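Novice: To start, I am sharing the structure in question, which I have written as structure tokens.
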Amino acid sequence: MYPNDSLENWYKGQGLWSDVAPEDWNNWKWQLKNRIKSVEEIEAHLELTPDERAGCLFANKKLALAITPYFFNLIDREDPDCPIRRQVIPRSGEMKTSPEELLDPVGEENTKPVDGIVHRYPDRVLFLVTDRCAAYCRYCTRSRLVSNAQDYNFHPEFESGLEYIRNTPQIRDVLLSGGDPLLLSNRKLDYLLGELRKIPHVEFVRIGSRIPVFLPQRIDEDLCEIFKKHGPIWMSIHVNHPRECTHALREACERLSFAGVPIGNQSVLLKGINDDSDTMKSLIHRLLMMRVRPYYLYQCDLITGSAHLRADPRKGIEIIKSLRGHTTGYSIPQFVIDAPGGGGKVPINPEYVKKVTDEAIIMRNFSGEEYSYPLVATASDTPDPKAPRLEPILS
Ligand code: SF4
């Protein structure tokens, strides 16, 4: 159960870094330069468990370890099971590969017409523009290439990606991702967005980013001016737990909204982190308070070394069932499984339809009561004497 969602309970301040000048703390480059990246740096602030220590020592062979001071402050340092801690501090589970796990769990490598472009759906592409992130999530779907810990040697090719999009008229929607596109300099982002918006068949651009969550200081006025210049731009952020909803994140989302960027949230269902209804309900309520629409709840992909973080997908169905009818419909995300091997996103829903006959759909509502909706119109030519009289409209 999580505390009351009112704003006064949201995290604010510099925490462990209270002695840092606010102009440094609020500077995204200072945050990046002062990231926590080693066992020694973590242990200066909290005691690692033996399991975490082993995970940290292994991390740089799989996915780099890095945490911004801003995000580190959200960790409960007394609780090894803290939901923030488990997302960014490695554990020994990362060293084990289960038989069902894959290096490229959603088959992106098979749908790459040029380096950096994934073209799976006919009218849209994923454009991978960097392999770096502000901090690294221990369940990252692209851990094969992100941070280059596995020597993937990803070299983002803006020009060949742009050329492919220019020459493929069916592409109407481009999703920039990576790594995190908002780690690019303003100059590069301005160029990339400007070139994409010059392509007549590209109707809009989406950006997938966890920067607002790891590094809200990056969402400054200069960046928002670039978004205003090249809109429509839509953004998907990635918040998994209500404790990530801080005043700094709320203010960053407001700046984006006021720059005309609609924001959706994609959460990943994670074992012991957010795989219960109370946590998810608190999260979606807080998202709406930040002007963010809960969009997807993802079943965690079958990434190598992720078994300790993957929740049972049946919990995802239960969570959605516990929300539907019990809170604002607008706040309920779509639960999806990205089909292993490259089948794309499949919506997974609780069962509300009991039966479809030739005459009716028999369904259950949110509290399990049964209703039927007729499929065949039963209007008769004989007027119902009790029906209100409809007068002809005279012009
Ligand atoms: S921010 Fe996104 S790309 Fe980066 S590590 Fe997390 S999930 Fe992976």
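Backbone N, Cα and C define each Cβ position, glycine as well.
Grabbed the feature section from TrEMBL, which reads as follows:
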type: DOMAIN; residues: 119-331; note: domain 'Radical SAM core'
type: BINDING; residues: C133, C137, C140; note: [4Fe-4S] cluster binding site
type: MOD_RES; residues: K345; note: N6-(pyridoxal phosphate)lysine
Novice: Excluding C133, C137, C140, please set out which residues of the same chain place their CB within 8 Å of the center of the CB atoms of the [4Fe-4S] cluster site, keeping sequence order.
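Specialist: The answer, listed by sequence position, is L63, A135, Y136, R138, Y139, R142, S143, V146, S147, R210.
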Novice: Within 10 Å of each Cβ, count the other Cβ atoms and name the one among the binding-site residues C133, C137, C140 with the highest count.
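Specialist: Output for this query is C133.
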Novice: Through the lens of DSSP with three states only, how would you label the residue listed as 'N6-(pyridoxal phosphate)lysine'?
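Specialist: SS state of the residue listed as 'N6-(pyridoxal phosphate)lysine' = strand.
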Novice: I'm trying to understand the geometry here, so how far is the Cα atom of C137 ([4Fe-4S] cluster binding site) from the Cα atom of the residue listed as 'N6-(pyridoxal phosphate)lysine', in Å to the nearest whole number?
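Specialist: Per the Cα atoms, C137 ([4Fe-4S] cluster binding site) and the residue listed as 'N6-(pyridoxal phosphate)lysine' stand 21 Å apart.
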Novice: Between C133 ([4Fe-4S] cluster binding site) and K345 (N6-(pyridoxal phosphate)lysine), how many Å separate their Cα atoms?
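Specialist: Each residue's Cα considered, C133 ([4Fe-4S] cluster binding site) and K345 (N6-(pyridoxal phosphate)lysine) end up 24 Å apart.
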Novice: If you draw a 10 Å sphere on the Cβ of K345 (N6-(pyridoxal phosphate)lysine), how many other Cβ atoms land inside?
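Specialist: I get 16 for this one.
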Novice: What's the CA to CA span in angstrom from C140 ([4Fe-4S] cluster binding site) over to K345 (N6-(pyridoxal phosphate)lysine)?
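Specialist: Taking the Cα atoms only, C140 ([4Fe-4S] cluster binding site) lies 17 Å from K345 (N6-(pyridoxal phosphate)lysine).
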Novice: Can you work out the mean pLDDT of the predicted model over the domain 'Radical SAM core' (119-331)?
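Specialist: Taking every residue of the domain 'Radical SAM core' (119-331) together, the mean pLDDT is 96.
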Novice: What does DSSP assign C133 ([4Fe-4S] cluster binding site), in three states?
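Specialist: Its secondary structure by DSSP: coil.
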